[in-house]
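The annotation substrate binding site is assigned in Swiss-Prot to 56, 274, 275, 307. Swiss-Prot lists 58, 59, 60, 61, 97, 185 with the feature ATP binding site. Here Swiss-Prot flags 58, 60, 90, 91 as K(+) binding site. Swiss-Prot lists 249 with the feature site 'Transition state stabilizer', giving similarity to another entry as the kind of evidence. Marked as Mg(2+) binding site by Swiss-Prot on the basis of similarity to another entry: 251, 275.
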């Protein structure tokens with residue numbers, strides 16, 4: 001057992017694998033579904049205890065009532081455990097999907113001609129299928145060219161455009177391989193300048209639903225420009241929801257051309273490697289993943305690595321060694337959070353997937369180069385000019401960093417406690433990658449649940465305003481919070497702990 005509270009956060013996508021086939025709120029109160037309800041609650045409790053701090057709801061699938069069921073279960077369990085859990089709404093966004101196929105799908109053979117209907121909506125048959133998008137107004141005919149590739153189902157089917165029939169709104173292609181496609185599978189048009197609207201009416205309805213359920217994050221699909229972020233921020237401002245944090249999903253070459261601006265305009269970045277790896281050459285994805293992690297650290301923003309991290313665990317118990325290495329080095333490079341998608345949404349072993357990711361994350365943290373972090377990231381971070389950084393963050397990083405020759409040794413501190421509602425202070429403590437977990441004492445419910453993505457940050461809800469605490473009150477509450485997270489982190493022997501009181505570092 002590695003005895004420290006895991007500081008890298010885990011985002012788990014919630015779907016039927018976790019909350020079973022509970023589709024309506026009424027089902028939660030129906031005795032006929034009592035066993036299913038008990039299993040769903042037990043699953044969510046298991047993953048939260050194993051380090052999940054964010055539940056992601058993918059609004060490309062399911063309706064509002066299904067998502068309301070999941071939110072209720074998560075909130076009930078989080079309250080029972082007295083742990084903060086963030087809710088992330090992942091927008092449908094400007095994506096193109098197969099409209100509808102028969103249950104057995106549509107089998108496409110290599111070298112066959114395939115017709116894509118871009119405006120009519122018909123069930124797929126005879127090598128023809130229709131496409132749809134959330135806006136309902138998009139016409140793919142306007143975005144493709146003869147000779148261009150169209151990738152379907154995460155690239156499992158490759159089509160090449162043979163001709164374009166603008167009169168009948170059809171794209172005629174030649175299949176490059178055999179594959180069976182199914183309803184709602186994604187289409188990608190590599191290097192296309194998509195004319196599809198960034199925010200559809202469906203996206204806005206989904207966001208409105210999320211706001212009524214007090215979501216903490218919006219993961220915005222296919223952000224390509226800073227204007228996309230501004231559009232979303234303006235909408236949130238109009239709904240009195242500026243506190244909701246925006247995570248820009250980077251999924252296209254267009255976005256990479258504007259990446260620094262997008263990072264600065266957003267609250268964080270999701271390296272969405274699935275679609276990104278279809279929109280750009282796959283061998284460039286690791287470079288851009290590394291670049292985005294470094295840039296987010298520099299600009300004091302959050303960064304999430306996502307997609308196929310433990311993909312084999314959808315069907316298997318053991319991860320591949322390549323997957324283990326992938327997760328390990330995402331943490332080692334400075335990620336805030338690692339994400340599970342299909343593994344927990346639809347996989348056969350969702351609880352195991354979370355446990356595996358937890359153990360890899362914790363192992364990587366023991367080898368994290370805290371001295372390099374001090375000498376490079378902290379010396380160059382945009383946050384370094386603040387007084388709080390100079391008086392508190394840098395001294396804490398220096399004090400808690402373990403001695404290192406080849407590997408880390410001499411971890412002396414388990415926790416740092418700070419009482420604050422100041423987001424800039426919380427972000428600075430997270431970005432510093434301290435060699436100790438940071439407990440934030442807060443009386444603000446939005447601060448309490450709003451930091452599930454932030455590396456090393458563990459809020460604890462108190463009644464008093466942080467700035468009103470006396471030193472004795474601060475120490476008393478800090479020790480209560482430490483005991484709470486010591487138990488959650490399965491830390492049998494507590495090491496030293498530090499506090500930040502009126503910007504001075506004190507022993508606890």
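Heads up, the Cβ atoms here are built off N, Cα and C, so glycines get one too.
Taking the Cα atom of each, residue 60 (ATP binding site) and residue 91 (K(+) binding site) are about 7 angstrom apart. The closest partner of residue 185 (ATP binding site) among the recorded positions, by CA position, is 275; the full candidate set was 91, 249, 275, 307. Once Cβ contacts within 10 Å are tallied over all protein chains shown, the binding-site residues 90, 275 are led by 90.
Here the candidates are the binding-site residues 58, 61, 275. The one whose C-alpha lies nearest to that of residue 91 (K(+) binding site) is 58. A simple Cβ count within 10 Å picks out one of the binding-site residues 58, 60, 91, 307 as the most packed, and that one is 91. Non-local neighbourhood of residue 61 (ATP binding site): 15, 184, each in the same chain, at least six residues away, with C-beta under 8 Å from its C-beta.
Between the alpha carbons (Cα) of residue 249 (site 'Transition state stabilizer') and residue 307 (substrate binding site) lies a span of roughly 11 Å. In sequence order, 249, 251, 270, 272, 273, 306, 308, 339, 341 are the residues of the same chain, not among 56, 274, 275, 307, whose CB sits within 8 A of the CB centroid for the substrate site.
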